[in-house]
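Notes follow once the structure below has been shown.
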Amino acid sequence: MRTDYCGNINASHIGQTVTLCGWVNRRRDLGGVIFIDLRDREGIVQVVYDPDLAELFDTANSLRSEFCVQIEGLVRARPQGQVNKDMGTGEIEILGKGLTILNKSAVLPLDSNQENSEEQRLKYRYLDLRRPVMSDRLKFRAKVTSAVRSYLEGDGFLDIETPMLTKATPEGARDYLVPSRTHKGKFFALPQSPQLFKQLLMMSGMDRYYQIVKCFRDEDLRADRQPEFTQIDIETTFLGAEQVMKITEGMIRNLFMKMLNVDLGEFPQMTYADAMRRFGSDKPDLRNPLELVDVADILKDVEFKVFSGPANDAKGRVAVIRVPGGASMTRKQIDEYTKFVGIYGAKGLAWMKVNDIDAGLEGLQSPILKFLGEDVAKQVLSRVEAQSGDILLFGADSATVVTEALGALRLKVGEDLDLLEGEWKPLWVIDFPMFEEFDGQFYALHHPFTAPRDMTAEQLAADPANALSNAYDMVLNGCELGGGSVRIHNQDMQAKVFNILGISEEEAEVKFGFLLDALKFGAPPHAGLAFGLDRLVMLMTGATSIRDVMAFPKTTTAACPLTDAPGIASDEQLKELSIKTDIVQEKAPSAE
């Protein structure tokens, strides 16, 4: 039906007759000549219809936006002064010699001249995807997956599929359950990740595995979360953490160079403890120059209890963010930041403006100066390397509150004041705690199959609170691109971890018996990592949501406006599955 794509026509085609198919992007009637902007996946080309061919001209005149058409015409150079350098095809135009309307279009429910609501865009996704910005992102995504496959297969990785219907296992989020018709009362679960299957593949001797795979999590959604998402999943045997990090860092560096012509350079490594201390986050955005600086030791003896209390508390923290040029902040801005840190449990936000660093207390402006004295103020200024024109923002509370509140404030101030430096800042975060503790119960910070760093099973059981995991996260511009770890390959160690997590031997046998069995039969050391493909493509394309780099995403309520999923199953289907529904309607609150 066609000889070329619209967007591929250029000066080398001048003098050739081409046949193109696509959609009418725009129709213009200028002085008796009709111009059609014809669009397909590869771009837009201008087609000109002359009134000399009356019947053809009338057909062209009847075209409207999004009519699907086939055209035939002669490629020619645009007249002098009409070259459009903003178009890839802007040097040429096509003189129309033929025109077939393949299908007409109703009036569009989306308006190309304004921002449409996301609900409308998702309801008519097939129209939304016709927009060049959207189709370009999907094309970019396809090239990313192709480059990933090429890189990994060139390094000896095998693309192996794992089951979509599996068993429910505790991985941190709720499972999507699928009822079994043949096993009454039993359910499959859609996989939250291929974690256990890829470990079993390593125990099978597959050595290097990868898969670009759908994963499913029934969790509360945010801008960067979807109920179904895609992972670049990787696992290896007989390689340690550093080797896995080297392979996967090489893959991402290769990808950025190939797709964006960006050299990311070698990724620095930072411990979890350093990341939290300096940036208040385990995924720090290193484009932001602001840091949290500890000053508790300087403030232990001040009369100001707001500072001295946490400074003398083993679980407290007093830290400062120095904002270059921030002395020009208004009181209103400071009050807004005070309200902001309150979201994270902070009781207030002390501040100090440095108007003149050489003028002692006279050069400082702050309601807390009277509690500090000149010597303490000098020490604080020296510690944070303050300059004239800066403002210091203080956090004083429990270490958890200060770290979280100032970490969030650092990001907000950096964005508000446009302080970000450079376009891309990757790093590895390593040495995570093995467990988190809440109310005396331990929880795996990553997942329960992560190996501890340099500990025997006995040492781990004796001191789980201080155990570090052999885990590593790749972070780019404050987003976690991927996370991985060395896995447990010893049955005794795995049993100890289950025990620490409060999983009884009976529960472990029911949920993970197959894994514990596999660990008996010469399971090799293995390690891996998984990247979020959607998030990676979002960052690389500059999209603001992963929904904008997925063909058919769900809404933030995990619904599909296009197909109206999830839907209601028929009574016959439910009966076949031995399922009875009992939906309790919430009572409306009574008016009092």
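Just so you know, the numbers here start at 1 and follow the chain as drawn.
Quick reminder: no glycine exception, Cβ is built from N, Cα and C everywhere.
Database features, via Swiss-Prot:
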BINDING   E171, R217, H446, R487  L-aspartate binding site
BINDING   R217, D218, E219, Q226, E480, G532, L533, D534, R535  ATP binding site
REGION    195-198  region 'Aspartate'
SITE      G81  site 'Important for tRNA non-discrimination'
### Message
For the C-alpha pair, I'd like the distance in angstrom between L533 (ATP binding site) and G81 (site 'Important for tRNA non-discrimination'), rounded off.
### Response
44
### Query
Around E219 (ATP binding site), which residues of its chain at least 6 apart sit with Cβ under 8 Å of its Cβ?
A173, R174, R225, P227
### Query
Which of the binding-site residues R217, H446, R487 has its Cα closest in space to the Cα of E480 (ATP binding site)?
H446
### Task
Find, among the binding-site residues listed as R217, H446, R487, R535, the one whose Cβ has the highest number of other Cβ atoms within 10 Å in the structure shown.
R487
### Message
Can you give me the average pLDDT across the region 'Aspartate' (195-198), rounded to a whole number?
### Response
97
### Query
How long is the line from the C-alpha of H446 (L-aspartate binding site) to the C-alpha of R535 (ATP binding site), rounded to the nearest angstrom?
19
### Summary
One finds that other Cβ atoms within 10 Å of the Cβ of G81 (site 'Important for tRNA non-discrimination') number exactly 5
### Message
Let me check the 10 A CB neighbour count of E480 (ATP binding site). How many other CB atoms are there?
### Response
16
